[in-house]
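The block underneath contains the structure these notes are about, expressed in structure tokens.
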């Protein structure tokens, strides 16, 4: 559809995606804001800064950033969390007890795997972007089964990771939550999640490019 200059970026974007639910527009405002930039050390932001430092065209700088985001270690994290949560729910069922969930987490770690959505290369506390999404979920979808599972993991996983002693940061990151919110509002096409990330990051990294010049 056509761009409506009276609406903000997020509202126009959700309209073009075919969504009319006001809460989804509110979620997209949150999502696009918290994913727009994150220091300069992650792959996509760093790449855009690096290419832009050569005075390359901003579109080329952003395209380079998206090539970095295409890498599974960077751009697929929230999808991997959602797949893991779905598998967990399938194996242990809904309304799982804390004890059974602890056993599942320990079995995951003892088999040499990690708990997706936990840990961060820089942060040493709960990712504030996770906290923003948690507040949104508590307000709009407190009884959603997947959100309840995410909230339950938040109570359990950090203590287990601290007890294990290997994680420098046992707290959840932004990817631990975003997929659950998108699924709730009907955006089930997980392959599109990285595109959302890219749309968001455009605002942050290109603003940085302008400031740098």
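Even glycines carry a Cβ here, placed using N, Cα and C.
Copied from Swiss-Prot, the annotated features are:
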- 74: active site (ACT_SITE)
- 94: N6-acetyllysine (MOD_RES)
- 94: N6-succinyllysine (MOD_RES)
- 100: N6-acetyllysine (MOD_RES)
- 100: N6-succinyllysine (MOD_RES)
- 120: active site (ACT_SITE)
- 129, 201: oxaloacetate binding site (BINDING)
- 148: N6-acetyllysine (MOD_RES)
- 148: N6-succinyllysine (MOD_RES)
- 155: N6-acetyllysine (MOD_RES)
- 166: N6-acetyllysine (MOD_RES)
- 166: N6-succinyllysine (MOD_RES)
- 168: N6,N6,N6-trimethyllysine (MOD_RES)
- 175: active site (ACT_SITE)
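Where Swiss-Prot records a feature, it is marked here on the structure.
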residue: 74; record: active site; Cβ within 10 Å: 15
residue: 94; record: N6-acetyllysine; Cβ within 10 Å: 10
residue: 100; record: N6-acetyllysine; Cβ within 10 Å: 11
residue: 120; record: active site; Cβ within 10 Å: 19
residue: 129; record: oxaloacetate binding site; Cβ within 10 Å: 22
residue: 148; record: N6-acetyllysine; Cβ within 10 Å: 17
residue: 155; record: N6-acetyllysine; Cβ within 10 Å: 10
residue: 166; record: N6-acetyllysine; Cβ within 10 Å: 10
residue: 168; record: N6,N6,N6-trimethyllysine; Cβ within 10 Å: 10
residue: 175; record: active site; Cβ within 10 Å: 23
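Look at residue 166 (N6-acetyllysine): DSSP puts it in coil.
Looking only at the recorded positions 94, 129, 148, the one with its C-alpha closest to residue 175 (active site) is 129. For residue 201 (oxaloacetate binding site), the number of other Cβ atoms no farther than 10 Å from its own Cβ, over all displayed protein chains, is 25. For residue 166 (N6-acetyllysine), the nearest of the recorded positions 74, 120, 129, 201 in terms of C-alpha separation is 120. Put simply, residue 129 (oxaloacetate binding site) is 18 Å from residue 148 (N6-acetyllysine) when counted between their Cα atoms.
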